[in-house]
Amino acid sequence: MSHSDSRASITILGGGIIGLNVALVLAERGYGPSITVIAEYLPGDTSVRYTSPWAGCNFSAISGTDTNALRWDRLGYAHLAKLATEQPRESFVRRTESIEYWDENIPHDKIKSMADYLEDFKVLPQEDLPEGAKFGVAFTTLTVNAPAHIQYLQCRLRDEYGVRFIRQKLPGLQAAFSNPTTKVVFNCTGNAARTLPGVEDPKCYPTRGQVVLTRAPNVTKNIMRHGKDYETYIIPRPFSNGNVILGGYMQKGNGDDSTYGYETEDILQRTTHLHPQLREQTFEVLSVASGLRPSREGGARVEKDEILVDGEKRSVVHNYGAGGTGFQAGYGMALDSVRCAEDLLRHVPKSELRAKL
Ligand SMILES: Cc1cc2nc3c(=O)[nH]c(=O)nc-3n(C[C@H](O)[C@H](O)[C@H](O)COP(=O)(O)OP(=O)(O)OC[C@H]3O[C@@H](n4cnc5c(N)ncnc54)[C@H](O)[C@@H]3O)c2cc1C
């Protein structure tokens, strides 16, 4: 039985990959015309306060090993694989051969879980590992052209599902309830969750990465090496005319938005050493950027909460703290967020408009 109120609506605060995935899950269930996404930054923008355009971006074993992270990865892989099969060019998601090496701290639980579902998964024999590496796996990953993928999501949400986008910086979470018809707010504010009034989560912190965007069309393979004090990766960017992202760093607690020449040199040295295809021919450096992964002690926060707005209890679903995994885990996190809000969503009208994927 539906208890829907024809005016009830949904607000999503944040237009990064996390907010866009929540909008997608809700829109796929028919709520598109009832959704408003409010964000200071939207796809197409660049800012150090907007992490999503800076992602590499691939599916990898760097995520956590708690049950949530394992489940989100599995759901995210299935989601991205579907996009890569059904609309690779439109969504800028592609299947890519991948290798990951570990020098130490081999995440056995993660590997065991991933071995179940990753396409073409195999453990590499010791003789195939580079010097100093203790363990390695090969599988088919999904690579994502991050800035183009978020633009694809925004267009699809707006044009196929009727989602509204409003560019606005809110002074606090309470302001997301300014429309009296709002039944629930999804808080997808990334790094801002640490300071945004109404959230102010002290567990949040940035993890800085510097990346070098290059043009190296001969590079077809994704390679990552996880070291004790370094993270080296080479990710060919899908449907980008041969661009490749070279990285990088995982600098916990570092919120510096500058880029450094010595880090660029270090990245170029490590990546050319690791990837044979980068040594085959010279390549052009196009730009250097730094991005801040919205990290959180204990992992991402996906849960329902209540806050007081003008003395009244209002419902919010938090969904932030994706760290270095917003693209691979975002769809699974969105499914959990929407599940948290199921009782509230019964009041929100559904539309017949349901785009087919
Ligand atoms: C170098 C680098 C490499 C990465 N590589 C990968 C990878 O390979 N794979 C992967 O899965 N992930 C990767 N990531 C991580 C991924 O980019 C993040 O997990 C993801 O972008 C986080 O998305 P988000 O939506 O939480 O945050 P954001 O993209 O930062 O979005 C936050 C949104 O909230 C809005 N907002 C905040 N406060 C307010 C306010 N007061 N009013 C209005 N709007 C507000 C912002 O404007 C923005 O729209 C990488 C990140 C970096 C930096």
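First residue shown is number 1, and so on along the chain.
Placement of Cβ uses the backbone N, Cα and C atoms for every residue, glycine included.
The FAD binding site feature in TrEMBL is assigned to Thr51, Ser52, Thr189. The D-dopa binding site feature in TrEMBL is assigned to His226, Tyr233, Arg293, Gly324. The feature domain 'FAD dependent oxidoreductase' is assigned by TrEMBL to 10-334.
Computed over the domain 'FAD dependent oxidoreductase' (10-334), the whole-number mean pLDDT of the model equals 97. Taking His226, Tyr233, Arg293, Gly324 as the binding-site residues under consideration, the smallest Cα distance to Thr189 (FAD binding site) is found for Arg293. The Cβ neighbour count for His226 (D-dopa binding site), using a 10 Å radius and every protein chain shown, is 22. DSSP gives His226 (D-dopa binding site) a strand state. Listed binding-site residues: Thr51, Ser52, Thr189, His226. Those with a CB atom under 6 Å from ligand 1: Thr51, Ser52, Thr189. Each of the binding-site residues Thr189, Tyr233, Gly324 was scored by other CB atoms within 10 A of its CB, and the lowest score goes to Gly324. Other than Thr51, Ser52, Thr189, the residues of this chain whose Cβ falls within 8 Å of the Cβ centroid of the FAD site are, in sequence order, Gly14, Gly16, Ile17, Ile18, Tyr41, Arg49, Tyr50, Cys188, Gly190, Asn191, Pro294, Gly326. Thr51 (FAD binding site) carries neither a helix nor a strand DSSP state and counts as coil.
Within 10 Å of Thr51 (FAD binding site), counting C-alpha to C-alpha distances, fall the following of the binding-site residues His226, Tyr233, Arg293: Arg293. Geometry remark: Tyr233 (D-dopa binding site) versus Ser52 (FAD binding site), CA distance 18 Å. With respect to their backbone Cα atoms, Ser52 (FAD binding site) and His226 (D-dopa binding site) stand 22 Å from each other.
Cβ-based neighbour count (10 Å, all protein chains) for Ser52 (FAD binding site) stands at 28.
In the shown protein chains, 26 other C-beta atoms lie within 10 A of the C-beta of Thr51 (FAD binding site).
The D-dopa site, placed at the center of the C-beta atoms of His226, Tyr233, Arg293, Gly324, has further neighbours from the same chain whose C-beta lies within 8 angstroms: Gly56, Ser60, Ile62, Gly209, Met224, Glu231, Gly247, Gly248, Met250. Within 10 Å of the Cβ of Arg293 (D-dopa binding site) there are 23 other Cβ atoms, across all protein chains.
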